[in-house]
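K.L.:
Quick one: structure below, then a few questions.
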Amino acid sequence: MVVGQAKAAMGKISSAIGERSKRISGAMNEPLRKRKILLVIVCIAMLLDNMLYMVIVPIVPNYLETIRTYKLVYITIPSNGTNGSLLNSTQRAVLERNPNANEDIQIGVLFASKAILQLLSNPFTGTFIDRVGYDIPLLIGLTIMFFSTITFAFGESYAILFAARSLQGLGSAFADTSGIAMIADKYTEESERTQALGIALAFISFGSLVAPPFGGVLYQFAGKWVPFLVLSFVCLLDGILLLMVVTPFASRTRGNTLQGTPIHKLMIDPYIAVVAGALTTCNIPLAFLEPTISNWMKKTMNASEWQMGITWLPAFFPHILGVYITVKLAAKYPNYQWLYGAFGLVIIGVSSCTIPACRNFEELIIPLCALCFGIALVDTALLPTLAFLVDIRYVSVYGSVYAIADISYSVAYALGPIMAGQIVHDLGFVQLNLGMGLVNILYAPALLFLRNVCQMKPSLSERNILLEDGPKGLYDTIIMEERKAAKEPHGTSSGNHSVHAVLSDQEGYSE
């Protein structure tokens, strides 16, 4: 009797759990909700990548100091004779620390190794993403980042830390590119796409700015391995959430996928090249200031350790403000994305030129905030433009075009840690900032080249002119199918079937 009641109760509990699981699964797979969950997953991946990129800033220099190798040196100890003469001597072995003359170079190479490998990997990862979709590369990227973070936590030599840093670059090439491309694919309406990419940029900024104090505090009070284990745990949870939402390894036929445009063809597109150049140019000041501004603050304004530690933290709020303003302007005036980017480049240039004139910490905060505000304008305006260019000129597959965007960022962050210190040593901090500011201001007029492209967004007549050469993007393909259907005797049914076939191809590709 009791056993039967227990079995019945267990059956009811199991049934309730199964029913609840089905409801949760059904809710997560509802299209609009699933799109929002995927945006959260991508934003967490961006946050983790940039936190891992910046969390080592307060940790690595001090840690390398503690593990700096010793070398065995033999010193001669003379012995005096009875009359004061040196009759014999003895040798004693002592441990002597290796000089740290090349420590700055080692740290610079370690910081740059992530961006260098990311730069080298992106041409291949972009093509891979175009072929298999966005979910598998995102999962691969999260997996690589997880193992990279674990390696950072327990690595105890420069070689292991270098390998972990380089491994992170490979993971970023998969996760960053596929994540941004997934957002562009899921959010097809221009204002929604700009808003979603702006949210992702906000997470990138937050990760970069909060990571140094996060890493420094945990490193000081809990040890080197704690901040990396925290990040690896969040990375693991993000990967599990991704597996709950999508089925990356479900069977898919090759015929149901759209073939993306080769990356080399996108690279020589003049419009995409202008956007990529702007993304590189606007990030050069940030990439070159991060490794040099602390020493300059110490020498120029006798800044304290806490001031150098929170140098970039106030800039987070203007960056968010820049994202918000650009999203609102793009929704109301979508034809002027190029103008928002050009204005951002000018702000970056002026801010970079005024940084050397600052003589205290309070003054320095103003140009740094303006610098990050300008970067937000450029990134938020131009990243959606890349997806739009692919939509109207090629096939609506975004892996390769956002691999080009990732390459643009990686160029700046690969050169910064290696070249910035040498430029300051040879030319000076003032000359470095004036040069970076001048480059940004001079590049701003190049975005005029995008003016006509942006004006095509609401112009159906110009899109129809493009369609005379045949369909290129997904939406143009649908329009062409509808035109053909209208000319056929039984156009309605065949036209609907063709349009549904195109849409199902895209859904089969991105799911």
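Placed from the backbone N, Cα and C atoms, the Cβ positions cover glycine too.
Feature table excerpt (Swiss-Prot):
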| type | residues | note |
| --- | --- | --- |
| CARBOHYD | N80 | N-linked glycosylation site |
| CARBOHYD | N83 | N-linked glycosylation site |
| CARBOHYD | N88 | N-linked glycosylation site |
| CARBOHYD | N302 | N-linked glycosylation site |
| REGION | 486-511 | region 'Disordered' |
| TOPO_DOM | 1-36 | topological domain 'Cytoplasmic' |
| TOPO_DOM | 130-135 | topological domain 'Cytoplasmic' |
| TOPO_DOM | 157-165 | topological domain 'Lumenal, vesicle' |
| TOPO_DOM | 187-197 | topological domain 'Cytoplasmic' |
| TOPO_DOM | 219-225 | topological domain 'Lumenal, vesicle' |
| TOPO_DOM | 247-267 | topological domain 'Cytoplasmic' |
| TOPO_DOM | 289-306 | topological domain 'Lumenal, vesicle' |
| TOPO_DOM | 328-337 | topological domain 'Cytoplasmic' |
| TOPO_DOM | 359-363 | topological domain 'Lumenal, vesicle' |
| TOPO_DOM | 385-400 | topological domain 'Cytoplasmic' |
| TOPO_DOM | 422-428 | topological domain 'Lumenal, vesicle' |
| TOPO_DOM | 450-511 | topological domain 'Cytoplasmic' |
| TRANSMEM | 37-57 | transmembrane segment |
| TRANSMEM | 109-129 | transmembrane segment |
| TRANSMEM | 136-156 | transmembrane segment |
| TRANSMEM | 166-186 | transmembrane segment |
| TRANSMEM | 198-218 | transmembrane segment |
| TRANSMEM | 226-246 | transmembrane segment |
| TRANSMEM | 268-288 | transmembrane segment |
| TRANSMEM | 307-327 | transmembrane segment |
| TRANSMEM | 338-358 | transmembrane segment |
| TRANSMEM | 364-384 | transmembrane segment |
| TRANSMEM | 401-421 | transmembrane segment |
| TRANSMEM | 429-449 | transmembrane segment |
K.L.:
Just give the helix, strand and coil counts over the topological domain 'Cytoplasmic' (130-135), going by DSSP.
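P.N.:
Here the numbers are 4 helix, 0 strand, 2 coil.
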K.L.:
Select the range from 109-129, 136-156, 268-288, 364-384, 429-449 that forms the most Cβ-Cβ pairs under 8 Å with the transmembrane segment (37-57).
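P.N.:
Looking only at 109-129, 136-156, 268-288, 364-384, 429-449, the most contacts with the transmembrane segment (37-57) come from 136-156.
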K.L.:
Please report, as numbers and ranges, the same-chain residues at least 6 past the borders of the transmembrane segment (338-358) whose CB is under 8 Å from any CB of it.
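P.N.:
Residues 278, 281-282, 285, 289, 293, 301, 322, 326, 329-330, 364, 366-368, 370-371, 373-378, 380-382, 385, 429-430, 433-434, 436-441, 443-445, 447-448, 450-451, 453-454.
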K.L.:
By Cβ distance under 8 Å, which residues at least 6 away from the ends of the topological domain 'Cytoplasmic' (187-197) in the same chain are close to it?
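P.N.:
Cβ under 8 Å, 6 or more out: 35, 39, 180, 326-327, 330-331, 334, 380, 383-384, 387-388, 457, 475.
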K.L.:
Any residues 6+ beyond the ends of the topological domain 'Lumenal, vesicle' (289-306) with a Cβ under 8 Å from its own?
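P.N.:
Same-chain contacts beyond the flanks: 57, 108, 111, 312, 355, 358-361, 364, 416-417, 420-421, 424, 429, 432-433.
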K.L.:
Quick check on the topological domain 'Cytoplasmic' (385-400): DSSP residue counts for helix, strand, coil, in that order please.
P.N.:
11 helix, 0 strand, 5 coil
K.L.:
Including all protein chains displayed, how many Cβ atoms other than that of N302 (N-linked glycosylation site) lie within 10 Å of its Cβ?
P.N.:
10
K.L.:
Restricting to the same chain and to residues at least six past its boundaries, which positions have a Cβ under 8 Å from a Cβ of the transmembrane segment (166-186)?
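P.N.:
Long-range Cβ neighbours of the transmembrane segment (166-186): 35, 38-39, 41-42, 45-46, 49, 52-53, 113-119, 121-122, 125-126, 129, 134-135, 137-138, 140-145, 147-149, 151, 193, 196-197, 200, 383-384, 386-387, 396-399, 401-403, 405-406, 510.
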